[in-house]
Amino acid sequence: MKFNFWKGLWKPKSLTPTLSHRLYRRMYTPQPPLNREMTVLDRSKFTVSLNLALAKFPDPKYIAQFAKECKADILQLRSINHVQKTDDNGRAVLLRHDLDLEGGEDVASKVMSQLSPRGKELLTEAQADITKIVKDLDYDFWRADEIFYSVLPVTEKDEIPSGFSMVGHVAHLNLRSEWKDYDRLIGQVILDKNPRVKTVVNKVDSIDTKFRTFKMDVLAGEDNTEVEQHESGCRFQFDFAKVYWNSRLHTEHDRLVSLFRGEASSRERKQQERAKRENHEKSTETAVEPDNTPATAVCDVFAGVGPFAVPSGRTSLFVMANDLNPYSYEALEHNVKLNKVSEYVKCFNLDGAEYVQQSMKLLDEHRRTQPTINPVQVRKRKAGQPVVKQDIPNHYSHYVMNLPDSAIEFLWSFKGLYTTVDGLSQDTPLPHVHVHCFHKWEAGEEEPSKEETKAALLERVYKQIDVRLDPNEVGMHWVRKVSPKKDMFCISFELPKEVAWAPQVNKE
């Protein structure tokens, strides 16, 4: 294989598009001109004129055959159709973009010498007319990362800050300080290149430890952070600038809701099977209505706008949901109504520790005023299928604490949980507590093992509840990598009886 350098790149002389030739074509993908002095977007500076070969077929029937049998010879640039209409309403095919069209020799001969044998054969048979045209690739042609590589002072494309998360119509960036001079340009390009995006914002401060919100700067688009987000089959409406929402946690939301629903479904199936057996044994014309089954109660301590609570309510889980942020609480109540789960999700606006300490009392008060609820799925039941109403239970099966920066520091509030209401016995089932938390390590340190991480997290738990947990009885689920030296986990454990029945404590 012989190579020569053309426009700074090696080019195979082979007439057949081999693996090396295809590698070359990937290398010689057109790129916008460098504009490293630009800090304000000027869309006119990104036009590139590309010389292309156009093969006009007198008989259009050859076009489909040529495209099918000679794919390596046709143009394969995104958003450019290789079939073109000519001035006389005929049809022509653009040939691959890496053909060398420079030099004084005849264009047709030069092109034919670079095509595959089958391509040359078909073009000759069809008596195709080959000419050279100029195609302008303007700003609209380039992807966002190509524009950024053209403008930003980077040497590698993996350094480009092109990643963002979507929350409704808002693109959320977290730009490093080095891109401050380019932030408006970056925002405008993201707005231009993503049709779903109407607003681009950048995080300008660290997350507020009280409400988990952060200050944001609108870089491009509408100054509107009122969004609608769809997740887990639910609709969520909120002001992204005033509440906490992380789209990267949707898998974790689904995981825990599925866990809760799985346990509840198992219990409900057993109840329905028992009722079916009783009906069969009695053989009466009138079906025996099954006894009510206790609902599964979930306590969401840091509920936000409802990503755990609302999907849980849609699956007939009974949820007592709380958030301290008044804007989150307002959005939570709105989303509960929006998704028609008001019977299953009750909302509160309290401090997390105060809410945990009052949670059993709040549950008891609710079950006294509304002891029974109808399942959400009743409307979908089959004809003849018995209606299984649900009783509000006297205890929670699960507590969710999704405040990873400090949730562990709230665990002390579980002390004396079962001493706050009357009527509980030592046999009352204990809840499972699911605590989200961060674990980080210093620069220069090796990433800790799973065992080391769990030990460190359980030591933090011990300092709050004064009871050592058996590592083998504690689940630890890796949620996501927050930064190179920081991971997010969810640790799950059954609340020890010594904690639930301990004297209640108060911290100022």
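Just so it is clear, glycine is given a Cβ too, placed from its N, Cα and C backbone atoms.
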Pick the one from Asn202, Asn394, Asn402 that Swiss-Prot also lists for the S-adenosyl-L-methionine site with His253, Asp323, Leu324, Asp351, Gly352.
Asn402
So the record assigns His253, Asp323, Leu324, Asp351, Gly352, Asn402 to S-adenosyl-L-methionine. If I measure every Cα pair among those residues, what is the longest distance in angstrom, as a whole number?
22
Under 8 Å Cβ-Cβ from Asp323 (S-adenosyl-L-methionine binding site), six or more apart in the same chain: what's there?
Phe302, Ala303, Gly304, Val305, Tyr329, Leu332, Phe348, Asn349
With every protein chain in view, how many other Cβ atoms are within 10 Å of the Cβ of Asp351 (S-adenosyl-L-methionine binding site)?
15
Other CB atoms within 10 A, centred on Leu324 (S-adenosyl-L-methionine binding site):
20
Helix, strand or coil at His253 (S-adenosyl-L-methionine binding site) [DSSP, three-state]:
helix
Going by DSSP, is Leu324 (S-adenosyl-L-methionine binding site) part of a helix, a strand, or coil?
coil
